Amino acid sequence: NMNHADILQLAGLRSDGRRSREIRRIRCRFGPVNHQGYDGSAYIEQGQTKILCVLRGPHEPDRRSDASDEGCLIKVQYAQAAFAGTERKQRRVTDRRSAEVCRAVQETLAGAVCRELYPRSQIDVYLHVLQTDGGELPCAINAASLALVDAGVAARDMAVACAAGRVAGETVVDLNYMEQNSGGVYLPVAILPKRNKIVLAMMDSKLPLEVFEEVLQVAMEACQEVYSVLQNEVREHASKVLSSRLG
């Protein structure tokens, strides 16, 4: 009498039925938030992780001291719906995690956007996690990249992200919550796909170099896969926008 988990394991499948190198199903929408205060928005689902991104800008910086002739400043805010009754201690951990996410998203976008085209200006990126099942950081980066496309902000390339890791001795991609918290290796990576250039790799555990290199390589391949999905969505969106303008 075998249970569901045993059967999946025998078949070489993960807890959600995916193969080891299979990314989660991606769905996205451009411009879900049609509001005068915002210049772009996007919604993305990667498996059960769902994130909405809205952005404002480029606009004049909030503080004059932030105005730089070298290019625009990118500010990121990240909010995860807190469940009622979360302990104070856990909230502090969540705050630290969200500060990490903000910094990582900000660095990634700074590497992708043509900031020099927007001197003395600022772009505000607001990320709202609506539902979570692991991989929030990569998902947030992908949502922000799509919102930049929606806002028409010039970028060298579209930053895309995905994580890889080790679960029960096997290298897997796009980890869900259970896998991400199983105590193995977890490595979120963001790349600029056209040049296959790494803009972010966040390692949280001490790893032998050869393991790190393998997981990194697998994560980069997964990023390229995410890119081909998102690129199709961008193309479809662009042709819709064009045909609506041509009427």
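Each Cβ is built from the backbone N, Cα and C atoms, and glycine gets one as well.
Annotation source TrEMBL lists domain 'Exoribonuclease phosphorolytic' at 22-153 (among others). Each residue of the domain 'Exoribonuclease phosphorolytic' (22-153) gets a DSSP state, and the totals for helix, strand and coil are 47 helix, 42 strand, 43 coil.
Look at TrEMBL and you will find 157-222 (among others) tagged as domain 'Exoribonuclease phosphorolytic'.
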Residue counts (helix, strand, coil, in that order) that DSSP gives for the domain 'Exoribonuclease phosphorolytic' (157-222): 18 helix, 25 strand, 23 coil
